[in-house]
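These notes are about the structure you will find just below.
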């Protein structure tokens with residue numbers, strides 16, 4: 001501000017310097033001299049002119065000079081006022097800068113702003129007055145319910161019962177006994193884990209159901225029970241035999257014999273088998289321990305021969321395997337007609353339930369070098385293979401497909417035995433087919 005002020009002062013100095021001389025120049029005579037000197041020829045022509053004209057000129061010039069002096073006298077005061085205003089503004093700016101310096105950093109301000117925003121949103125989400133009243137009422141009801149809790153005597157009774165229960169728990173078997181029980185449970189769990197797969201259990205359950213139905217058709221219930229007891233005792237006696245392989249063979253024959261007994265229609269045949277079992281039991285009781293196994297085996301062989309004279313497992317031209325009968329056709333039909341052909345003989349287009357059954361059927365078809373239909377297709381949903389009985393194809397059976405199959409080449413939706421595995425083929429192609437049904441007793445004609 002000092003630099004800008006000095007030029008104005010210097011300009012004023014030009015106007016104010018040598019006031020004495022300036023005052024001298026303001027005398028009338030000076031003006032008169034100048035006027036006379038400036039208009040020498042005119043004055044001479046006019047004869048010195050009137051005095052009034054000179055006074056008027058002097059007055060006008062004096063007014064102009066006074067006005068200039070007044071304006072010049074105002075300049076220092078305006079400059080001083082401007083300087084004070086600038087100082088005030090500078091001080092205010094300094095104070096504002098200091099105040100700004102004391103504010104929190106930008107990140108802190110943003111954080112505060114965010115918190116305020118969140119708080120505002122939370123306040124907006126507070127339940128309305130009616131909701132608060134509802135909560136208050138629920139709290140009031142809860143308080144009243146607490147007041148209705150059982151009295152002290154009732155609580156003491158509950159505590160005593162808990163104490164007695166704790167004491168009873170303390171009387172449980174000792175740790176060694178618990179460990180023994182735990183081991184037994186572990187063994188039981190392991191045994192359960194070794195049970196056959198679900199499909200096998202279903203097959204066993206179906207066989208038991210069929211056996212139960214056949215037993216229900218026997219003529220005399222008391223005779224059936226007696227026969228069953230005899231078989232149970234015989235099974236126990238067989239369990240004492242030394243050789244496992246021979247035991248398994250005898251047990252299988254007994255199982256087949258039991259099934260056959262359930263299927264015998266005539267009372268005379270049942271009595272005949274019962275008599276043979278009675279004789280077998282009597283012979284078993286009289287045999288010495290060393291020859292008991294051979295004698296039982298011989299009796300069972302004779303009994304099996306007698307039974308086979310009475311009936312056979314499967315109809316003519318059917319093949320028996322593991323409780324089922326299989327028919328391999330000698331003519332060809334498409335898949336749908338093959339399903340119908342099996343139904344006409346009270347059978348089903350073959351549904352495979354086990355690896356043993358698959359190996360048996362694959363061997364039969366490969367020996368005859370025939371492409372044969374099985375009861376498997378994905379007609380209901382592409383890529384989802386299903387047996388004709390409604391059961392899905394087990395993931396463990398996927399390995400039986402030939403390499404690259406099934407490929408659905410040309411809309412192939414039906415499965416066939418092909419070579420050493422399975423193949424998908426068009427359902428309208430003519431193939432041989434295989435029917436399957438449970439084995440029963442068929443009498444010779």
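Each Cβ is built from the backbone N, Cα and C atoms, and glycine gets one as well.
According to Swiss-Prot, the feature disulfide bond maps to 311-441 (among others). Counting every protein chain shown, 19 other Cβ atoms lie within 10 Å of the Cβ of residue 441 (disulfide bond).
Annotation comment: Swiss-Prot describes 314-325 (among others) as disulfide bond. The Cβ of residue 325 (disulfide bond) has 21 other Cβ atoms within 10 Å, all protein chains considered. DSSP assigns residue 325 (disulfide bond) to a strand.
DSSP assigns residue 342 (disulfide bond) to a helix. Summarising the annotation, Swiss-Prot assigns disulfide bond to 342-435 (among others).
Residues annotated as disulfide bond in Swiss-Prot: 414-427 (among others). Residue density at residue 427 (disulfide bond): 20 other Cβ atoms are found within 10 A of its Cβ, drawing on all protein chains shown. In the three-state DSSP assignment, the secondary structure recorded for residue 427 (disulfide bond) is coil.
Non-local contacts of residue 92 (N-linked glycosylation site) by the CB criterion (under 8 A, 6+ apart in sequence, same chain) are absent. The feature N-linked glycosylation site is assigned by Swiss-Prot to 92 (among others), with sequence analysis given as support.
Other Cβ atoms within 10 Å of the Cβ of residue 407 (N-linked glycosylation site) number 11 in total over all chains. As annotated by Swiss-Prot, N-linked glycosylation site applies to 407 (among others), with the evidence given as sequence analysis.
Taken from Swiss-Prot, the feature region '9 X approximate tandem repeats' covers 108-315.
Under the heading repeat '2', Swiss-Prot lists 131-151.
Under the heading repeat '3', Swiss-Prot lists 154-176.
According to Swiss-Prot, the feature repeat '4' maps to 177-199.
Summarising the annotation, Swiss-Prot assigns repeat '8' to 269-291.
The topological domain 'Extracellular' annotation in Swiss-Prot covers 71-445.
The transmembrane segment feature in Swiss-Prot is assigned to 50-70; the stated evidence is sequence analysis.
Of the candidate recorded positions, 314, 325, 407, 441, the one lying closest to residue 435 (disulfide bond) when CA atoms are compared is 325.
Here the disulfide-bonded residues are 314, 342, 414, 435; the one with the fewest Cβ atoms within 10 Å of its Cβ is 314. Of all the recorded positions given, namely 342, 407, 414, 427, none has its Cα within 10 Å of the Cα of residue 314 (disulfide bond).
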